[in-house]
Structure formats: structure tokens, C-alpha cells
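The next block holds one structure in the form of C-alpha cells; read it before the comments.
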Amino acid sequence: MNVERKLESLSLQQQQQEEQQDESEQPNQGVEDEEEEEYDEEEYEEEEEDINFSKETLEAAMATKVSIEQYYTSLFKSLKERDDRRCFLEKKMEELNLREEQKSVKRRELDKKETEYIKSRRIRLTGHSFESIRIIGRGAFGEVRLVKMKKNNKFFAMKKLDKSKMIEKHQTIHVRSERDILADSNNIHGSNPWIVSLYYSFQDANFLYLIMEYVPGGDMMTQLIKYDTFTEDATRFYIAETVLALHSIHKLSYIHRDIKPDNLLIDQKGHIKVSDFGLCTGLQTNRVPTLAEIYKKYEGDNNIREEDQTPQSRSARFDSWKRQRRVLAYSNVGTPDYTAPEVLMKDGYSAECDWWSVGVIMFEMLVGYPPFCSESIRETYHKIMNWKQTLPKIMEEAKAEVNLSPEAQDLIERFLTDPMTRIGFNGVEEIQSHPFFKGVDWRRLRETRPPIIPQLSSPTDTSNFDHYEEEQQPEPMQPVQSKSRRKITSFDIPFIGYTYRNFDAMRDAFGSVNSRDAFGSINSREAFGSINNRDSLQGANM
């Protein structure tokens, strides 16, 4: 027994010694491990430094990343919109108390429409899909043409923008913003009646194309140049429609930022439609640069120039304003006359900046020229920046020249003030309840007879637009090649995912079933809404 106890005791001692030895070795082992890890990291860093990717590889990787993101974003949105169309159909059928067999027919018809739309998306649109009638607008980055679609002989306005100029002037975000809001304004309930409808957008190697609704009445600027001023009744109507149009844009969570008579189009019935969303931005985003960057070169001290070169008489101001108006409209810089000071100053701003622009337009309609107009952009810029000092004098001069009602003067002054106290800050109802709009039926405004109704001789009548000469023969189309024939570079990245195709428009042009016939005696637009979708990224369509 003693031997056994001694062996047990010895075994226990050896075990304790081994444990102590293990404990003493562990720190050393840890140091070795750390050294090993440090060595491995250094070796990895050295290997990493040796990896150099070419510019072409990096561009291809970025293009692939953007393409995949755009594809799946568009795919999931497409599936959601398809579900929305089905849900909308089911809801409408319930409201109409259709029998089950009738519902089955409508479901099959919608399924057929969806199939036709999917097939039509495979058809590539190009500039050759349209016949050019004439130019109806020209700007710094492109032109607008009245065109006829060869497939169905329908007329559209085609906006064609030069990619290289857009990139050179850093305008790619702006053109994408315009495309996005025009697409967003279409939904299962129909297109927004206050916004010019977008039917297709596509591109080739050199140009971007927006195929939009043709609005034959021209723009408000043309009418103001023609009539000089409007009566208060006419002004009341057009300002009321502009208020509702902007409210519909704000409800989409966008700010227009560039509301001016040039961008207020008049449709064939005389009602307003808003266009040109190049400076439009989201209510909660700063992705579009402030206009202060555009006018930066005109900045100086905050004092008004002691010698203002603006003509003092009203007739002289008329002549001066008309003389420079069109030139400014088509220049790279444009005019700051309608822009809110907080936008120019790069201060924080929201939807209220659009209400400032409405006040400027209202003043112009009643007086004949914008309140801050000057002989130079610099003078205009400084007058806006110092509006608290300049506006009182401007209003006094206007009252001496024009018989402004107290209600009109009050509304203008409540538009042209600080954002926090500007009318509309507390909601559009604040504007609608102003005494100037007494008697306006806001709910039936688009059913009210407008002051000016365009007199049109034909669907191709462009008499309400300026005349433009063809500068040169239209450039031949340069199709966007497939990836196997043409490498995508950084030049293409800003335009990936630009393609858009309206659901109803594609079916009308390329489908075999007429949307009105498909729903029998029920008008599809009235009963089921105008249905739209975005086109996903399809190979080289980008």
C-alpha cells in the first residue's frame, strides 16, 4: 500500500509540474503566435501592394457593379409594379361588383397584357424609330423635336441630349433626375395631369433620348412676351394651376427648384403642365448641386451696386427684358431671376423655395417683368441676395405703374419673404385659403375654361413655338453596341439604367391588343388607371 501511495504521490507531483510547465510556456507560445501573425500580415500587405489593376479593369469592375445594382433594383421594382397592377385590378373589380366569370376574363386579359409588355421590352428603340417633323426647342445641351413614331403614327416631343456635353459640364446627375421624376410621376392610377408624360427613354453611343408628351400650346414665356401682362383673373387661374402642379411634385418628395415661365407648358386645352426637371431634387437629399455653384463667378460683396444700369421706365424695362429673355433661356448659365435666395446661398432649403418662384412669376404676370430683373446677371443676383432692401422699393414702383389689388400685393409679398414665414410653409392649404384666390374651385380647376386656349390647325401645328433652323443634317445614329463588341468605360457609367418604357405606351405601339378593347366596355384609363413600368437593364440597352 505504501508503494502505491508513493506512486500516486509521485504521479500527482509530476502532473503538477507539467501543469506549471505548461503555464510557463503559454506566454512564450503566445508571443510566437503574435510574431507569426505580424509576419503574416506584413507578408500579406507586401503581396497586396504588388497587385495593380489597370484603368480598364477598374472601369469594367465599376460598370459591372453598377449594372448589377441597376438590374436587380429594376427587376424587383418591376415585380412590385406588376403585383400592384394585379391588386389594383382586383380592387376595381370589387368596386364594380363584377361576377366571378367576368373577373376571370379580366384577369386573363391582364395576364395577356403583361406577356405582351414583356415581349415588347425586347424591342430596341432608336432615333430611327421616329420621324422628325421640326425643332421646337434648343438649349445648351441639346434640342427638342416634334417627332412621329413610325410604328403607330403618334406624335411626341423628343428631347435629345449630348452625352459628352453633359459630362463636360457635370450635368449627368441633372439629366438622371429629370428622367427619374418623369418616370415616378406615372403610376397605376395614371399619369400626373400636371406633369409632362414620359413614354420612353433610351440612348445610343452619343446621345440620350426622352420621348415625351407633345404639349402644343408652347410655354408661358411665349404668352407673356405676346401679351406683356395678364389680368388679375388670368393670373389667378395660372398661379392656382401652378400651385397645384407644384404641390403634386412635392407629394412625390421632389423639389423642382427651377420653376419659371419657360417650364410651364400649355396643353391643347389651355391648362398648365410642368416640364424641365433637370434641377429637380429630392426633399431629403443633397445629390443635386446648389445653383450657387452656377452663379459663383457672379458673387462679390453683399452690397448692391451703387449704379444700377436697369432702365427706370416700365416700357424700357419691357424692351430690355424681352430682348434678353430668350438668350438667357438657352444659355449655359440661364437666369437667376426666379430662384429663391436660399438656393443661391447654399443654405438649407426645402419645398418652400418653389413658392418663392411662384411669387416672382405672379409679379411678372401682373407687372410685365420679374421683380429683380436687371441689365446683367450680376445685378440680378445681388438684388435677390439683398431682397429685404430691394423688394420694398420694387413693390412701390410697381404699384405706381400698375393697379395691383391689395390681395395681389399681399400674396406676392408673402411669397417673396423668408422661408420660415413664406406662405406655403405650413402646407398648400395656406396658399389656397389666401383672399386672392377667393372663388377658385380648386377641385375642378382643370375643368375650368382657361383664359388662353391654343388655336391649332393640325396635330403638327408648332405655331406656338419659336422657329429654329436646322444647323446641320441630323447626325447618324450610333447604336449602343453589345458588351462583346464594345467595352463599357467610365463614360457610360452615369447612363447605365437610363432606359424606361411606359407600360401602356409600349403595348399601344408594339402590342396586339388595344388596352380599351381589352377591358370591353370599361375604359381602362378611367376604371383601371394608366399602368406603367420601368424597363430593367437589358444587356447593352443600359
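Glycine is no exception: its Cβ is also placed from the backbone N, Cα and C atoms.
Residues Ile136, Gly137, Arg138, Gly139, Ala140, Phe141, Gly142, Glu143, Val144 are given by Swiss-Prot as ATP binders; from Lys113, Lys154, Lys159, Lys163, that same site also lists Lys159. The ATP site in the record is lined by Ile136, Gly137, Arg138, Gly139, Ala140, Phe141, Gly142, Glu143, Val144, Lys159, and its two most distant CA atoms lie 15 Å apart. In the three-state DSSP scheme, Ala140 (ATP binding site) is classed as coil.
Separating the Cα atoms of Gly142 (ATP binding site) and Asp258 (active site, proton acceptor) is a whole-number distance of 18 Å. Close to Val144 (ATP binding site) in the fold, though at least 6 residues off in sequence, lie Ile135, Ile136, Gly137, Arg138, Ala157, Met158, Lys159, Lys160, each with a CB less than 8 Å from its CB. Counting every protein chain shown, 16 other Cβ atoms lie within 10 Å of the Cβ of Arg138 (ATP binding site).
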